[in-house]
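Novice: Pulled these from TrEMBL:
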- 432-451: transmembrane segment (TRANSMEM)
- 472-490: transmembrane segment (TRANSMEM)
- 502-531: transmembrane segment (TRANSMEM)
- 695-712: transmembrane segment (TRANSMEM)
- 724-743: transmembrane segment (TRANSMEM)
- 755-773: transmembrane segment (TRANSMEM)
- 791-933: domain 'GPI ethanolamine phosphate transferase 2 C-terminal' (DOMAIN)
- 887-910: transmembrane segment (TRANSMEM)
- 922-942: transmembrane segment (TRANSMEM)
Amino acid sequence: MRLGSGTFATCCVAIEVLGIAVFLRGFFPAPVRSSARAVHGAEPPAPEPSAGASSNWTTLPSPLFSKVVIVLIDALRDDFVFGSKGVKFMPYTTYLVEKGASHSFVAEAKPPTVTMPRIKALMTGSLPGFVDVVRNLNSPALLEDSVIRQAKTAGKRIIFYGDETWVKLFPKHFVEYDGTTSFFVSDYTEVDNNVTRHLDKVLKRGDWDMLILHYLGLDHIGHISGPNSPLIGHKLSEMDSVLMKIHTSLQSKERETPLPNLLVLCGDHGMSETGSHGASSMEEVNTPLILISSAFERKPGDIRHPKHVQQTDVAATLAIALGLPIPKDSVGSLLFPVVEGRPMREQLRFLHLNTVQLSKLLQENVPSYEKDPGFEQFKMSERLHGNWIRLYLEEKHSEVLFNLGSKVLRQYLAALKTLSLSLSTQVAQYDMYSMMVGTVVVLEVLTLLLLSVPQALHRKAELEVPLSSPGFSLLFYLVILVLSAVHVIVCTSAESSCYFCGLSWLAAGGVMVLASALLCVVVSVLTNMLVGGNASRKNPVHPSSRWSELDLLILLGTAGHVLSLGASSFVEEEHQTWYFLVNTLCLALSQETYRNCFLGDDSEPPCGLRVEQGLDGATAAWQDGPACDALERDKGHRSPSASQGLRGHEKWMVLASPWLILACCRLLRSLNQTGVQWAHRPDLGHWLTSSDHKAELSVLAAISLLVVFVLVQRGCSSVSKAALALGLLGVYCYRAAIGSVRFPWRPDSKDISKGIIEARFVYVFVLGILFTGTKDLLKSQVIATDFQLKTTLMTKFIWKPLRHDAAEITVMHYWFGQAFFYFQGNSNNIATVDISAGFVGLDTYVEIPAVLLTAFGTYAGPVLWASHLVHFLSSETRSSSALSHACFCYALICSIPVSTYIVLVTSLRYHLFIWSVFSPKLLYEGMHLLITAAVCVFFTAMDQTRLTQS
């Protein structure tokens, strides 16, 4: 079966996306879970240890507090409370921390530091999987055991106001709730007012046991303007007032209840220096945790410094505080200061229940649990506890009893710490079978692409895919039988859950058929290459086998980048790799330009022979015209290079172009600091967006939009020009509406809105530009009346003078697209994803437009460079195969790093930085491959349209 190069490449990338999806599902499995599912008929608590005594404690301890109020402030990092900002903007909270009846902690949130996984960690005590970053956009109901579930089962009445993620995670658990949209980040006022407006009413009532408030405004301010915005201080002051209102109300109600109340102030995650979150920097993982209650009264001179704890410790602490069973999947330990004021027997009982729960979880997830140091410490603690109980029942007051109790206490605390650490290291059990299936599919596709290079880049841009030969059929059925047998053996003998084994036989069989077909195609292509090697050498793809310096740079640069992905530091600072490659490319282009202009090129054809190698499928056509006549007169009938045919200022433009590009790249590097090492340093972007430099940003934005219009409007129809002008004007109006820039006639205007009308105005004209622009582009593929005019532009000054073929031009566009991805401020940290871009023009959260806008905003650089490549190859060449060649090369250059990277992360799956560094990069690679598939579909559609119309 014969396929065009572009169609073949598009099919290969689509299959590769399927393979990556299976691999990701195996790499990001469900974390450690208890085999005992949460049910209403909960199992009885473990009895108190005994050593021959007839009486022991077999029931759950009574609640320690009457009511619990949880105030969760989204993106509240620790220095907002314990640092200078807390002293300045949260005086009441600072007083409670330093002198009040409270215990303060710095709770560490494990990556990914996004809201939904953090809520799960707070309420279940478990460590959510990293793939919850994706599920964060549409949170499903939480089926795991949690404090909320246990409280509802115990008949406690729970009220919730705030982020609607809680309502999705815990449906039908709240007797009263009012959810607010968490992803509409441009709103930081109403989203909190909708929570606070319920407080006066609910605090006067006594018909509830648990009140949860989730404030989103601080997080939204961070996404909009960062942690150093003046709005941060105002929001912290607002939160301080809310906390004071709740605390004073709870204190006044304690006279009516036999038990004290508990107020919990916490954050789900922190905030990076850029205002985002999702990664593992100190600013993102460290959050304040303050427990406030009259039960924690301190003596004069009692100074309590914040202690470092794990965020997963909150679930066990809340369960003990409310007299509930600890969630079965919790890996956290009780915050002991909460119970240290209770009698010794109660303290030991609380710690025993916690260690029993952790030891059961360890037994269910670690085969050699008996050798675990934490389990050994637990058994020792339990024996000592039994001895203490026997002694306690005999004599309740003695120094021996107190000393033994203190020893048991220390032993339990050590066991808790060790057990929690052991379970945390078992956070994920890799689904190796699914990972291997995905890896095999991806590597088969990459091998097929590499073997198909000679045919795919041939002048005809077609290749034969052997699918019908007898040898193919026999091998195909044999491979299917082998894979089916392996599938049955693995799935029947697997001790842990496996995603691929859980698929239906139809779906699993389809993947096996696909893998078998790919293997057979690879073998057939390889056999044909070996058998027909002599014929291939007689008819090479290129007229000369000599490798140019640019070809070597592309090869070595691609290989160096791929190899660098195996080092965590290079992954964190990958932008430096692309900056180096782009700068080196500019220098190589400059060197080649100077050599062609001043030294000439002996390999040049005569003037009348127009060569479009690669762009025109290595074809040659005789051409006479004014340009050739001028060259004959100017150069004394020599055989000039293409660059030598340029006159005066055109020649200097050619010479200066690489240096101008290099200077622009250096300026763009200064626009946004990214990565890890230098992300905290000031950059041009922060300088421009500060309130003190709004005038400079306004002037720069106006000039930039004007330049965009001047550059883009060439060759556009009058309708496109009008739509473009109005659309760019709308862009400036939108920025002025949200307060980023200002109008000259309103320099001090403070009328800031969400810019919804202005943004929708822009969208209308963008759609018009896309329609008319695509129509003009398709038309230009067949009717190229202005071809000579277009060749005097970028083509004449950059690509044509050096006669690069389609493959080289495609790789150069890809490199620049990757560099521009990092110029935007992106990195391999999830924290740099600007989700605010997904809500431009939306007055409420709509999932599909928000996801598409966020994806386009993140990958705007690569997408725009790919679009320019399509436009260039469509309008600047008359080749019938240029787009096919470009599509194939684009698919190949994107497939090489992603295929290599999944092999690397598989071998590095137990690396120290696997979750903080390598896993986020894996998600980026998966998304980049999906974008590549969309780009290849666009390439193929344009190519097919061109062939149909021609």
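Every residue, even glycine, has its Cβ placed from backbone N, Cα and C.
What TrEMBL says about a protein is an automatic prediction, not a curated fact.
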Novice: Would the transmembrane segment (887-910) and the transmembrane segment (755-773) count as touching if the test is at least 3 Cβ pairs under 8 Å, pairs 6 or more apart?
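Specialist: When sequence-distant Cβ pairs are counted, the transmembrane segment (755-773) does not touch the transmembrane segment (887-910), since fewer than 3 lie under 8 Å.
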Novice: Go through the chain and flag residues at least 6 beyond the ends of the transmembrane segment (724-743) whose CB is under 8 A from any CB in it; none is fine as an answer.
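Specialist: Residues 186, 689, 694-695, 697-698, 701-702, 705-706, 708-709, 712-713, 716, 749-750, 752-755, 757-759, 761-762, 765-766, 768-769, 840.
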Novice: Using a Cβ-Cβ cut-off of under 8 Å, list the residues of the same chain that are 6+ residues beyond the ends of the transmembrane segment (922-942) and lie near it.
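Specialist: Sequence-remote neighbours of the transmembrane segment (922-942) are 4, 6-7, 9-10, 13-14, 16-17, 20-21, 24, 27, 130, 133-134, 777-778, 781, 828, 830, 855, 859, 862-863, 866, 870, 874, 883, 886-887, 890-891, 894-895, 897-898, 901-902, 905.
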Novice: Other than its close neighbours in sequence, what residues sit by the transmembrane segment (432-451), given a CB gap under 8 Å and a spacing of at least six beyond its ends?
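Specialist: Counting only partners 6 or more residues beyond its ends, the transmembrane segment (432-451) has Cβ contacts under 8 Å with 9, 12-13, 15-16, 18-27, 490-491, 494, 498-501, 511, 514-515, 518-519, 521-522, 525-526, 529, 888, 891-892, 895-896, 898-899, 902-903, 906.
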Novice: Quick one: DSSP breakdown of the domain 'GPI ethanolamine phosphate transferase 2 C-terminal' (791-933) into helix, strand and coil?
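Specialist: Going through the domain 'GPI ethanolamine phosphate transferase 2 C-terminal' (791-933) residue by residue, I get 109 helix, 0 strand, 34 coil.
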